[in-house]
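Visitor: One structure, as structure tokens, below. Some questions next.
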Amino acid sequence: MSGGETEGETLEYTPTWIVAAVCTVIVAISLALERLLHYGGKYLKKKNQKPLFEALQKIKEELMLLGFISLLLTVFQNVISKICVAHQVMEHLLPCKLPSEEEAAKPTSHFGRRKLFAEESFEMQIGYCAKKHKVPLLSVEALHHLHIFIFVLAIVHVTFCVLTVVFGGMKIRQWKSWEDSIAKENYDSEQVLKKKKKVTHVNQHAFIKAHFLGMGKNSAFLGWVDSFVKQFYASVTKSDYVTLRLGFITTHCRGNPKFNFHKYMIRALEDDFKKVVGISWYLWIFVVIFLLMNINGWHTYFWIAFAPFVLLLAVGTKLEHIITQLAHEVAEKHIAIEGDLVVQPSDDHFWFGKPKIVLFLIHFILFQNAFEIAFFFWIWLQYGFDSCIMGQVRYIVPRLIIGVFIQVLCSYSTLPLYAIVAQMGTNFKAAIFNEHVQVGLVGWAQKVKKKKSLEAANDASGSGSGSGQGQASSHGGGLASNMGIQLGKFINKATKQEETKQEETK
């Protein structure tokens with residue numbers, strides 16, 4: 001027993017009932033959480049919510065990663081704490097200014113608490129580092145605090161992503177009434193014929209009035225200003241929804257004018273959610289960079305709060321401006337239009353011609369905002385509100401206001417905007433097919449792939465006359481169309497994912 005070196009007794013001298021009771025509580029909480037996730041997955045499967053089920057699987061992966069990080073920190077904490085360095089190394093790049101001798105002597109101050117923690121942890125390495133006249137690189141107490149911070153960060157990020165999608169989904173579901181009203185109009189054949197024959201001046205359309213005849217008609221700068229302002233009060237109107245819906249259906253589903261665009265949009269958003277809920281490697285790099293730059297006097301935690309704020313405003317403005325660009329394209333090409341107003345979706349309207357960049361930025365914004373909030377609560381609970389890391393009140397209040405603003409704006413404006421504007425790219429998404437059709441297409445593609453491999457084998461053995469005909473038929477006129485090309489891309493991607501899953505299960 002090392003009575004003088006540790007604060008309490010080891011397991012050798014701890015009553016068995018205490019060990020059993022603590023293990024029971026920990027195991028019970030872990031099993032309850034595991035069962036909760038399990039039944040949540042069964043419920044989502046029962047409701048045919050495959051994208052949300054995959055998002056839940058992503059959350060499980062994050063929890064597993066956290067468990068692995070926790071295991072590494074626990075196993076190697078004694079090894080890390082025995083890495084000794086000179087005193088001078090620990091005096092630079094500190095998040096808090098080193099206390100003077102008078103401040104350190106006060107037991108009630110924050111520095112007194114830090115000194116107490118340091119003394120307790122230092123006693124564990126006193127027989128190792130102190131004999132070398134050095135100090136530990138990272139104390140056991142500091143490792144424990146870092147462990148808690150990583151856990152809090154992951155939990156807050158997942159929670160914020162779920163809240164964003166839930167509240168954003170509520171906003172998007174309000175558009176269902178618009179979809180239902182359009183469906184009723186399409187069932188009235190007489191009204192449909194009248195619309196097709198009716199010739200209307202382009203400036204009489206509500207969509208053109210809202211996005212072309214306004215303040216940005218003759219000035220590109222004022223157009224951007226108008227897009228910036230609209231994201232706060234009228235991000236998506238009924239005329240926007242009707243026009244963008246018709247543009248998508250005309251481009252990708254011309255043979256199905258009664259296509260339920262609202263259901264497709266919800267499925268596409270759910271597919272994107274499973275990508276946003278995870279913590280990617282580049283986000284962990286951001287965490288490490290922030291921890292490196294959190295130096296006393298720099299107020300890094302304050303300035304970095306403006307990054308997601310500015311990015312969110314830029315994303316919202318860009319999405320609004322894409323709608324404006326679609327209106328300008330139609331208004332500048334036509335004077336009068338026969339039938340409904342139709343816009344032309346294109347990747348050219350997005351940054352660098354890639355709609356996925358918008359999703360990447362939303363992912364980064366949500367993570368960085370969650371990081372700010374998680375860091376605040378971690379410091380508050382771990383060190384107290386008066387901690388030197390927390391900073392002054394004039395830096396704390398703006399951070400919290402910005403965090404709440406980002407969460408509200410992203411949920412009720414930016415995410416709904418993204419859900420509909422993201423469909424204005426050149427290609428449609430896999431969500432255009434329901435789950436059963438996707439499974440059928442993947443199965444069909446795998447059969448075709450096997451058939452081609454058999455034909456190639458036969459060709460190699462000298463009986464390749466039939467394989468040439470098969471290849472000629474496989475490259476028929478269907479793939480010549482834009483729809484066929486997109487369908488081929490989707491099938492190839494889905495087949496690769498299915499093969500990867502099969503290899504993992506083997």
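Note: Cβ is positioned from N, Cα and C throughout, glycine not excepted.
TrEMBL labels come from automatic prediction, so no person has curated them.
These came from TrEMBL, pasted as-is:
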type: COMPBIAS; residues: 463-479; note: compositional bias 'Gly residues'
type: REGION; residues: 457-481; note: region 'Disordered'
type: TRANSMEM; residues: 17-37; note: transmembrane segment
type: TRANSMEM; residues: 63-80; note: transmembrane segment
type: TRANSMEM; residues: 146-167; note: transmembrane segment
type: TRANSMEM; residues: 276-295; note: transmembrane segment
type: TRANSMEM; residues: 301-319; note: transmembrane segment
type: TRANSMEM; residues: 357-380; note: transmembrane segment
type: TRANSMEM; residues: 400-421; note: transmembrane segment
Visitor: Is the transmembrane segment (63-80) in contact with the transmembrane segment (400-421), using at least 3 Cβ pairs under 8 Å (sequence separation of 6 or more) as the test?
Guide: no
Visitor: Against the transmembrane segment (357-380), which of these stretches has the most C-beta pairs under 8 Å: 17-37, 63-80, 276-295, 301-319?
Guide: 301-319
Visitor: What parts of the chain pack near the transmembrane segment (63-80), using Cβ distances under 8 Å and only residues at least 6 beyond its ends?
Guide: 137-138, 140, 143-144, 146-147, 150-151, 154, 279
Visitor: Could you tell me what the rest of the chain brings near the transmembrane segment (301-319), counting residues at least six beyond its ends with Cβ under 8 Å?
Guide: 224, 227-228, 231, 235, 290, 294, 350-351, 358, 361-362, 364-365, 368-369, 372, 375, 391, 395, 398-399, 402-403, 405-406, 409-410, 413-414, 417-418, 421
Visitor: For the transmembrane segment (146-167), find every same-chain residue at least 6 residues outside the stretch whose CB is under 8 Å from a CB in it, and list them.
Guide: 59, 62-63, 65-66, 69-70, 73-74, 269, 273, 276-277, 279, 287, 366-367, 369-371, 373-375, 377-378, 382, 407, 410-412, 415
